[in-house]
Protein chains: 4
Amino acid sequence: MDDIKKVVLAYSGGLDTSVILKWLQDTYQCEIVTFTADLGQGEELEPARAKAIKFGIKPENIFIDDLRDEFVRDFVLPMFRANTVYEGEYLLGTSIARPLIAKRQIEIARMTGANAVSHGATGKGNDQVRFELGYYALEPGIKVIAPWREWDLLSREKLLAYAEKHEIPVEMKHKQGGAPYSMDANLLHISFEGRHLENPNAVAEESMWRWTVSPENAPDQAEFIDIEFSKGDPVAINGVALGPKEMLAQLNTLGGKHGIGRLDLVENRFVGMKSRGCYETPGGTILLKAHRGIESITLDREVAHLKDDLMPRYASLIYNGYWWAPERIALQTLIDHTQLMVNGFVRLKLYKGSVSVVSRDSVNTLFDMNIATFDDDGGAYNQADAGGFIKLNALRMRIAEIARRKRLK
Amino acid sequence: MDDIKKVVLAYSGGLDTSVILKWLQDTYQCEIVTFTADLGQGEELEPARAKAIKFGIKPENIFIDDLRDEFVRDFVLPMFRANTVYEGEYLLGTSIARPLIAKRQIEIARMTGANAVSHGATGKGNDQVRFELGYYALEPGIKVIAPWREWDLLSREKLLAYAEKHEIPVEMKHKQGGAPYSMDANLLHISFEGRHLENPNAVAEESMWRWTVSPENAPDQAEFIDIEFSKGDPVAINGVALGPKEMLAQLNTLGGKHGIGRLDLVENRFVGMKSRGCYETPGGTILLKAHRGIESITLDREVAHLKDDLMPRYASLIYNGYWWAPERIALQTLIDHTQLMVNGFVRLKLYKGSVSVVSRDSVNTLFDMNIATFDDDGGAYNQADAGGFIKLNALRMRIAEIARRKRLK
Amino acid sequence: MDDIKKVVLAYSGGLDTSVILKWLQDTYQCEIVTFTADLGQGEELEPARAKAIKFGIKPENIFIDDLRDEFVRDFVLPMFRANTVYEGEYLLGTSIARPLIAKRQIEIARMTGANAVSHGATGKGNDQVRFELGYYALEPGIKVIAPWREWDLLSREKLLAYAEKHEIPVEMKHKQGGAPYSMDANLLHISFEGRHLENPNAVAEESMWRWTVSPENAPDQAEFIDIEFSKGDPVAINGVALGPKEMLAQLNTLGGKHGIGRLDLVENRFVGMKSRGCYETPGGTILLKAHRGIESITLDREVAHLKDDLMPRYASLIYNGYWWAPERIALQTLIDHTQLMVNGFVRLKLYKGSVSVVSRDSVNTLFDMNIATFDDDGGAYNQADAGGFIKLNALRMRIAEIARRKRLK
Amino acid sequence: MDDIKKVVLAYSGGLDTSVILKWLQDTYQCEIVTFTADLGQGEELEPARAKAIKFGIKPENIFIDDLRDEFVRDFVLPMFRANTVYEGEYLLGTSIARPLIAKRQIEIARMTGANAVSHGATGKGNDQVRFELGYYALEPGIKVIAPWREWDLLSREKLLAYAEKHEIPVEMKHKQGGAPYSMDANLLHISFEGRHLENPNAVAEESMWRWTVSPENAPDQAEFIDIEFSKGDPVAINGVALGPKEMLAQLNTLGGKHGIGRLDLVENRFVGMKSRGCYETPGGTILLKAHRGIESITLDREVAHLKDDLMPRYASLIYNGYWWAPERIALQTLIDHTQLMVNGFVRLKLYKGSVSVVSRDSVNTLFDMNIATFDDDGGAYNQADAGGFIKLNALRMRIAEIARRKRLK
């Protein structure tokens, strides 16, 4: 253990990472650097500084960074260019934040001369994998400390006892039976796991949801919005240009207001077990629908199908923590290339939990009304061509059936 | 042309296929067999018989068949086992009906000694392909007459003139500016194309929709239902066992009542153009969500991912008309094999246009609460294993980064 | 037909395209531009000029272009970056030449103000598709004349009669029973089809092969060569730098000398039939082996697997004529991106029909001897990690089996 | 450790597994069951019995099983139905044997009441994964002892010292610098790893190869053989019916005689490193070529392409040890389904390291000479159909180019 000199800890300021901070100090007798990121989780970060100082962390070892723009611009939006959905449902709100945290932790390790990093993810989940694959990919010699896999504080009771013993302040909610759920939030989503969600047959409580009103409490009047896209990314709502983080925040506000983006799911973790999660992704749910809408008139059919064929693989890469892997980057190269002409406008209806596309338009449209029309098209399309098209597409099946019948004779 | 002796026409009794019937008689001077299928489109079929007789069709050459159970059991449900969606959105309601019509037409051709078949699909659309690939696959020597690709009645005006000239009755709606949309319906869906939908930027009129109330007019109270699955197929709602067609009809009623299953889409046709379609698939939309729900606890992760990877290809096969092709059958073999353990219950919430899974349960569940729990699991899962798991998954990236740095030195 | 003003004909100077030239003049009464390309087929092209002049083609309408460097650099090498093989065997020698001919024909049409193009490919094969998809993609309004699909000269006898009648010179080989095979050649390969190859059970005659000695007649001594790669492309043999066309020519010489690159295959054409072809691809066969060799030490595993997964699709695109399609270009973007580090040397053994890799080396190697060694690695790799790796990879199967046993109780 | 009662050891009788046997006895103080399998590795197995008895193993705890027929019938042949090749080259000779050994070990554990299994694979390789994924999948509660990951005998010197100390007989070859390579053999192949192969730039010594003569020393006369297939499996050579193990043995003899099936490869291991292996797979190399040959005339194009698209995934599953996983079984269901019509004969030429198909025939042929012919086909194929086929296949590209030009105006 004596080779751990300095550790960069991903530190939220909450109970778990505070216990980890203390445990690292005691166990490794090393200097600690705390890193707290604003990814839009909606919590004040300055209290984390005060807490860190209480633990004796030097001011120059306390990093509190606003990563919201980078998060949306370099992680969320590239992912949405692929219409990424894991297992048909999950918009990867937690998965997509981890590689950025890992990257920043490594940057801070280099700046501060730390030779180790640490995080508060458990040994059962995906997040440990996402963090650590990022660490190792970016800094192959880094040492990783994952306290949940090392210590013996495996139950909430033991954790609280440790906190009490070491005078780590514990919020009321933790004392009274513990936080209701294990939650994670950033500008893309908030997630809920654990507690009575651990039974997939138990219905989630209405009180659990945080970011969206229930559809029942959403406005009785539908709202229509226009989203403008440029190279596959949303750039304006209702004609008002917005930067990456403002865009996603605004979509969250709209989705939350209309009860859009709730999801209750049993998913398959990379470590091999099924787990049940509930997610609120209001802005992302709108964005996915809108992006498919603008692609529907600007992307070539076979390019769109190629993207659809590759999407589950790309989604699994992100879910499993391979953002920094060369195969993810190779796929991104293809995906980004396809987006050059994905420009235009999509009009959406938001109403009581649903989002739907009602119209779309683009200077790059590939929709040709002259050809598509049911009316006389003046020769733009020669219907007789279809006869030969079908005949040759059927040829192999006809030959096979003829051969089959010959054998039966 | 003298080699056309007898033609089996897919005959709805409507204006278009009535004109075709007359045109076939005049052009080919041949005997006609009419075939009218009940696929749950919700129209009376007996009037088709009376009309056929007026055209001089012999009673023994008039076939009116109720194919609803076969349609749902052998076509719709196998397709839903794959969670099939075309281009991320379309549930293939029209596509899946065509192979059955083609199959039945060929059966009738064999029974009646006909050597040709005919249909009323245009030369621009997918349906001609779906019909004719079916015909050729099942009866490779069959002759196919596609009047829309042969005649010169390419505008609605010419068609009406022809009808008038030949005393074919024309309903009022056709006279007053034509039917509002080109529609197709069966137990799975109703579709709308053409007219002002031909501009993808034009919003569909509320009055267009037929099978679903608008979400705004749906009940203010959510409804919860339980669907039971057996081998991947729905078999009961709220504990009441239902046969295939009753099941889908019941789901349609529920979906329609709650405004569920509307879709407004620009899609890519097999013949190479983009087209805009609106669809109502109330029961199918519920079924897709429910099926994913039951699979989420009963399917192995990698089997589920394999299915997800293959799904777009399977969807394209059905969309393009390759139901009877050997590669569709090969994929179905795999898909059906995966469904043996897809048994259990899914509870759904239906509310103003949305359907969501709220719980799921199965005797075949692969969800292991002991392992998934955030609490102490008593050793069911050894968290330390994750360290090695991550280290080896990261190894190739670490080696690559180390090699890169060596080169830079 | 009066809208055909000027036609650019892909003209080899041989019998077929000479008959076509005459037939176009007679049938369309239009000006003809002849285009003859040197793709390395090994025939003199100047005779084509003399023949064209005899038909009355204006000198400024005769184009004879050396496209060999462009062919190898922009078509052959990009394709080999993907290790492209169609149906497990075919190296696409004909397929890859067609898009370049189509492109050049369209360029000449623009230069000469022609509004139509024509080629000598039959209506049964793939080449018509490859030519015409290229024409239409690059010049969507172009008119295409495919004489074999239009005229009635469908047998060799009729063709010869037409030639005789119009005083088109016929070489002796055509008179005496016709050319032995339908052949196509360029720097990448020579192909043989037709005649007694039409029976897939008939063994090809030894006398058919042109570019390679039979393995039996190849040198009794193996030859070893070193190929250097840069960004996935071969750039030097045995230390001698070579440009694209010289590289492929040199590999052809080496392969031909050692009897390498013969293939006898039944393949599936895009138009729906099976056909039998024999191919000699001496240089390409060596190149494929060498390229896999250099990739084996320079490509990340998952990137290599991604390429392998996409390769059959990419191969089909080229085989089917979609070189100019956006999905081919999107895939190429990914493929080219993966080749940035594919640098180094491969040593090959050439011997009597076989080529094999015997060693490989690269500054970009990802092979880590310290880790790979069977000897003590001094801690570079912690074998204990594998335990956790396996445990978690097995977890889903263990859970499933435990669940299965519980049900049986 | 006290929970290890009885261990089934995969025991070859060689030095490594003998040391393991002793080490297990000493370390776990438990009863040992030895299991020695005949997979066609070509070594006598009875000496293993004598050695085991020397270690005090009870006679009823010594299992020596001839698994050759099961190996070929249930593992090798199903794999070859998919034309399985890993990373474009490797025929998976080691990979495919491991699941059978694992299965048999578990069966023996059940029979003998053992609660643990053990093997001699190192912590760096793929074999540990293949063994253990099999164990866990079939018997989820089994305990696994992998000595190489546990003990400290990590160098050959330490191993020899341990053997000497415990009076385990050491063959001369081990003393004199160790066995030249790490080898593995079964009816499908023999593999070589380690030693000077660890440098991928070092050429393998000719003396290394065991099963094949060098091409240079192969007969100067080519040999032609006929292989008959039934449902995708080889059933006769030159008209002589052969059972599974005799078939593969005979193909090995033929291939070995003609120098066929040598491979020198750098491959990517599942545990994350690259490694270099040399393989001799004489019979398998012939079989792969022959199987592709018979499929070329009996498989539908799209079924063949589906198989080709899935093959790399299937190969990775086997390479990585997932034979017993549900996704491998699902894929096998599809693969086996496609083989029902893969019947017929393939004629092959074997000559100095090469195998090539020279003809093929089948009652299930889909090759239609009437349609394929270059001569007049009497109307079997209407060449004019190709015009429409191409036009519609080009449509999306034409629309895109027209749209692009409009934008530029």
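Cβ atoms here come from the backbone N, Cα and C positions, even for glycine.
Look at TrEMBL and you will find D:6-169 tagged as domain 'Arginosuccinate synthase-like N-terminal'.
Annotation source TrEMBL lists ATP binding site at D:Ala10, D:Tyr11, D:Ser12, D:Gly13, D:Gly14, D:Leu15, D:Asp16, D:Thr17, D:Ser18, D:Ala37, D:Gly120. Secondary structure at D:Ser12 (ATP binding site), taken from DSSP and collapsed to helix, strand or coil, is coil.
The feature L-citrulline binding site is assigned by TrEMBL to D:Tyr90, D:Ser95, D:Asn126, D:Arg130, D:Ser182, D:Ser191, D:Glu267, D:Tyr279. There are 21 other CB atoms within 10 A of the CB of D:Tyr90 (L-citrulline binding site), with all protein chains counted.
As annotated by TrEMBL, L-aspartate binding site applies to D:Thr122, D:Asn126, D:Asp127. Taking a C-beta cut-off of under 8 angstroms and a sequence separation of 6 or more, D:Asn126 (L-citrulline binding site) has the following same-chain neighbours: D:Thr94, D:Ser95, D:Arg269, D:Phe270, D:Val271, D:Tyr319, D:Asn320, D:Gly321.
Under the heading domain 'Arginosuccinate synthase C-terminal', TrEMBL lists D:181-399.
If you measure from the Cα atom of D:Ser191 (L-citrulline binding site) to that of D:Thr122 (L-aspartate binding site), you get 16 Å.
Here D:Gly14 (ATP binding site) is positioned 21 angstrom away from D:Arg130 (L-citrulline binding site), judged by their C-alpha atoms. Within 10 Å of D:Gly120 (ATP binding site), judged by CA to CA distance, lie the following binding-site residues from the set D:Tyr90, D:Asp127, D:Ser182, D:Glu267, D:Tyr279: D:Asp127.
Note: D:Ser182, D:Glu267, taken in sequence order from the binding-site residues D:Asp16, D:Arg130, D:Ser182, D:Ser191, D:Glu267, D:Tyr279, have a C-beta within a distance under 8 Å of a chain C C-beta.
Across the structure, D:Ser12 (ATP binding site) and D:Tyr279 (L-citrulline binding site) are spaced 20 Å apart at their Cα atoms. When pLDDT is averaged over the domain 'Arginosuccinate synthase C-terminal' (D:181-399), the result is 96. For D:Asp16 (ATP binding site) paired with D:Tyr279 (L-citrulline binding site), the C-alpha to C-alpha distance reads 22 Å.
Across the residues the record lists as binding ATP (D:Ala10, D:Tyr11, D:Ser12, D:Gly13, D:Gly14, D:Leu15, D:Asp16, D:Thr17, D:Ser18, D:Ala37, D:Gly120), the two Cα atoms farthest apart are 16 Å from each other.
All chains included, 22 other C-beta atoms sit within 10 angstroms of the C-beta of D:Gly120 (ATP binding site). D:Tyr90 (L-citrulline binding site) has D:Asp127 as its nearest neighbour among the binding-site residues D:Ala10, D:Gly14, D:Ser18, D:Thr122, D:Asp127, going by CA to CA distance. There are 24 other Cβ atoms within 10 Å of the Cβ belonging to D:Ser18 (ATP binding site). Secondary structure at D:Ser95 (L-citrulline binding site), as computed by DSSP, is coil. Cα separation, D:Asp127 (L-aspartate binding site) to D:Ala10 (ATP binding site), rounded: 12 Å. Cα distances from D:Ser182 (L-citrulline binding site) to the binding-site residues D:Ala10, D:Gly14, D:Ser18 are smallest for D:Gly14.
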